[in-house]
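As written in TrEMBL, here are the features:
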ACT_SITE  C2  active site, for GATase activity
BINDING   D97  L-glutamine binding site
BINDING   L256, I288, S363, G364  ATP binding site
DOMAIN    2-191  domain 'Glutamine amidotransferase type-2'
SITE      E365  site 'Important for beta-aspartyl-AMP intermediate formation'
Amino acid sequence: MCGIWAVFGSDECLAIQCTNAMKIAHRGPDAFRFENVNGFINCCFGFHRLAIVDQLYGMQPLRVKKFPYLWLCYNGEIYNHIKMKNHFEFDYQTKVDGEILLHLYDRFGIEKMASLLDGVFAFILLDTANRKVFLGRDTYGVRPLFRMVTDDGFLAVCSEAKGLTDITHSMSSPAKITPFPPGHFEVFNLKLSGKVESVEMGRFHCCTDEPKHASYNNLEGLGTGFELETVKKNIRILFENAVKKRLMAHRRIGCLLSGGLDSSLVAATLVKLAKEEQLPYPIQTFSIGAEDSPDVAAARKVAEYIDSEHHEVSFTPEEGIRVLEEVIVHLESFDITTIRASVGMYLISKYIREKTDSVVIFSGEGSDELTQGYIYFHKAPSPKAGAEDSVRLLEELYLFDVLRADRTTAAHGLELRVPFLDHRFTAYYLSLPEEMRVPKDGVEKHLLREAFKGMNLIPDEILWRRKEAFSDGLSSMKKSWYTSLQEHIESEVNDSQLEKAAKLYPFNPPKTKEGFFMRQIFEKNFPGRHEWTPHYWMPRWIKATDPSARTLSIYKPDKDE
């Protein structure tokens, strides 16, 4: 995890432009570097480093003797870099996982290079010999990337949009800052002036296709056909493989543990594999909540069962309200459910950074979207509709849950790893018959639970525990975070302000006082940048005015039963 930034064709002094790159310094607290491109006086790379792999050669832009004309700035982890290096017999100069991009690009070109990367990444690759600039981003956008192109061909790129908002350039109309689409690559011609011209935007992978890199990695025991026992075994093999490949790190590994199904499966598998791989330290797990919150109790149960070194972080609504603005600034979003759920994750990341030496953090993101875990999936009109919505949610993860997970951890210089979004695991799960993937017997994620039944990986009561709305899970039994937040907002926003909301914010107008409150904070920090949140996250197939599961008629939190 790190922060990348670059400008091509700047007509402003580069020293002034570089101050913008400092806005993402939190992403890489270990070191930073700015480098001008020889021969192109108005092109520059900026890099903030979090050292995870290869302490010695990990600075960027990455350049190797063999390809003096290639410059690479990337943020990510390529889990199959050694497999690819050995298979194609590449001659490496460093131990950096990103070096594989240079060799694959040299041999196969940009599209095939991107499709052979098993990992999470956002990259800027400059080829001065052929005068090309390439951008690319992983399938689910686990790593963030924003770009700004002006009508005269000035290109600026950054891990977070805030590193581009104050860039100065003479332009007739303000340039839009847009998130780079996940699973895509873009090709620019680089002119002698340093300006660029976009010549191709292509998609190298979509989540329903088996990734091209799968054919270079034979997994023992994978069966064919859709017989239930075969499917369950395949799910287990692919999930364990997803966790195992993510153990690649020279820094300590920990895991977020909410006590729900997803994070419990990740934590339990991680602890098991860490013992097998003989990691020199115990795995730390982290949960956050009020003392009597259901999540904290469930997480404690799991931690005892799997024998992790467990940390509990206390949460109070007052603390949550205090950091709201900080959280919105890091998120660059005004989506209600994203902000609500980010507060707890932001505070727990802060604790991990300040109180422990864990830097690489595993988490359960992506499972709800993949395995139809949201409560509203019970109302899907058909298995086909459920399957289609699952793909839609996965394709929009970079706007919501993956955005939340990246920004709240990166805010504190941590690197997030999300095994449920492993390309191979997701492609396999999405290839299963639609009927197999629907909620069953009143329980969502039935197939995933069934796959781990009888494995003794996590306690049975956790394996079959119903989904909590995140704001319920970390809350006190007496009063939820959701309720406390509404009370605070009630004192900040009055009815007449809400009535004028649609006039004030015609794009995506807030419908609730909470929505108005969040939007005000967002607009204060990022005026006129509403297009970064193209729509609100909302449940389907039910009349919902609020994204929280707790407002749905079909939701029954444990504590009300």
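The backbone N, Cα and C atoms fix where each Cβ goes, and this holds for glycine too.
Feature map: TrEMBL annotations on the structure.
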residue	record	contacts (Cβ under 8 Å, 6+ apart)
C2	active site, for GATase activity	R27, G28, F47, H48, R49, L50, Q60, N75, S159
L256	ATP binding site	S263, T285, F286, S287, M345, I348, I361, F362, S363, G364
E365	site 'Important for beta-aspartyl-AMP intermediate formation'	D262, L397, D401, V402, A405, L416, V418, F420, L421
Task = Calculate the per-residue pLDDT averaged over the domain 'Glutamine amidotransferase type-2' (2-191) and state the result as an integer.
result = 92
Task = Taking the recorded ATP site as L256, I288, S363, G364, identify the other residues of that chain whose CB atom sits within 8 Å of the mean position of the site's CB atoms, giving them in sequence order.
result = C255, L257, S258, S263, F286, S287, M345, I348, I361, F362
Message = Let's check the environment of S363 (ATP binding site): how many other CB atoms sit within 10 Å of its CB?
response = 25
Task = Starting from the Cβ of I288 (ATP binding site), draw a 10 Å sphere and report how many other Cβ atoms land inside it.
result = 26
Message = Roughly how many Å lie between the Cα atoms of I288 (ATP binding site) and the residue listed as 'L-glutamine binding site', rounded to a whole value?
response = 33
Key: Other CB atoms, at most 10 A from the CB of the residue listed as 'L-glutamine binding site'   = 25
